[in-house]
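Student: Right, I'll just put the structure down here and ask away after.
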Amino acid sequence: MTRSRNARHMLAALRTADRRVLFGGITLTAMVVLAIIVPLFAPASTGSIGDVIATRLVPPLGRDALGHWHLLGTDAFGRDLFVRLWVGARISLAVAVAGSALSGVIGIALGAVAGWRAGWFDRVISAAGDALLAIPRLVLLLVIAALWGPGLWVVIVVLGLTGWMAVMRLGRAEVQQVRQQSYVEGADALGVPSWRVLARHVLPNAVGSATVAITLGVGNAIVLESGLSFLGLGVQPPTASWGNMIAGGREWLLTAPWIALTPGLLLIATVVACTMLGEGLSESRTTSVRDDDTRTINLSDRGRLRAAP
């Protein structure tokens, strides 16, 4: 009986959920699962010159000279593009998620402290965030990556250091709003330490608002990581990444366009899924907050009516 009730609740939640959240969540989940599973079943390659010549530039749904079928074809080095595509997805998604998570941690921490402490610290952090937002992020990425040199961890750190501004703004605004609530003022009056109030009551609300910005930031981070890898400042070959796969297929656009086309299409699909998921979460959160405010107003109106003579 309990299982059937839980199943009904789950189906009801799916029916009422935003379609953008469902589409984005299902698409990203499928991509993560494929990125984990497909490389595990990748065929071993001897790497000999004979194998490369026999398997290079096979078209999609084609068969190489060794008798192997390739769903998405092969590249100029005879590597199966379907397998390499999901190996690159593992790298690109991991880098984007790690960079967005780092920027989220930095943004939430700075926004929480700025919104709670206010004063000069708030002004300095806000001014720094506005100044960095005025500079195109890709320019910052190119400058920092050029100074530090290419590499996987460099891309993650650079994405984290250049993407915290929007998260900081949301976290700061949420903290300032929560700080004015009666229970926070009551905790201050009772002498509860500020760090405890901040950790228990304020930060959870800031994290909820910042999650939307972080989700949207993942799609942006994937594009930026691919751009850096395309320019040779990100993930370096032979490690697969969507950016360097597209870069490697440039010289074969006329004779073997599938080499650059397949990672490009998957990159677009991933960014669209992240955007739809983030927008759906934002809309759901806005609706939830609006409903809570309406419920609070209705309760206060009822209280005034009961108190009236």
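Cβ atoms are placed via backbone N, Cα and C, with glycine included.
What TrEMBL lists as domain 'ABC transmembrane type-1' is 89-278. According to TrEMBL, the feature transmembrane segment maps to 21-42, 91-112, 124-146, 152-171, 202-223, 258-278.
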Student: Mind checking which residues reach the transmembrane segment (202-223)? Cβ under 8 Å, same chain, six or more beyond either end.
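Tutor: Residues 92-93, 95-97, 99-101, 103-104, 107-108, 111-112, 115-116, 137, 159, 163, 166-167, 170-171, 173-175, 177-179, 184, 242, 267, 270-275, 277-279, 281-282, 285.
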Student: Cβ under 8 Å to the transmembrane segment (21-42), counting only same-chain residues 6 or more beyond its ends: which ones?
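Tutor: The answer is 14, 80, 82-83, 86-87, 89-90, 93, 266, 269-270, 273-278, 280-281, 284.
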Student: Take the transmembrane segment (152-171) and find every residue of the same chain, 6 or more past its ends, with a Cβ under 8 Å from one of its Cβ atoms.
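Tutor: Contacts of the transmembrane segment (152-171) (Cβ under 8 Å, skipping residues fewer than 6 from its ends): 91, 95-96, 98-108, 110-112, 114-115, 125, 129-130, 132-133, 137, 140-141, 144-145, 206-207, 209-210, 212-214, 217, 220-221, 224-225, 228-229, 234-235, 239.
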Student: Which sequence positions outside the transmembrane segment (258-278), separated from its termini by at least 6 residues, show Cβ-Cβ distances below 8 Å to it?
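Tutor: Result: 20-21, 23-25, 27-28, 31, 59-60, 72-73, 75-76, 81, 85, 88-89, 92-93, 212-213, 215-216, 218-220, 222-223, 226, 242, 245-246, 248-250, 252.
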Student: Do any residues of this chain, six or more beyond the ends of the transmembrane segment (124-146), have a C-beta under 8 angstroms from a C-beta of it, and if so which?
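Tutor: Same-chain contacts beyond the flanks: 110-111, 113-114, 154-155, 158-159, 161-166, 168-169, 172, 220, 224, 227-228, 231, 233-234.
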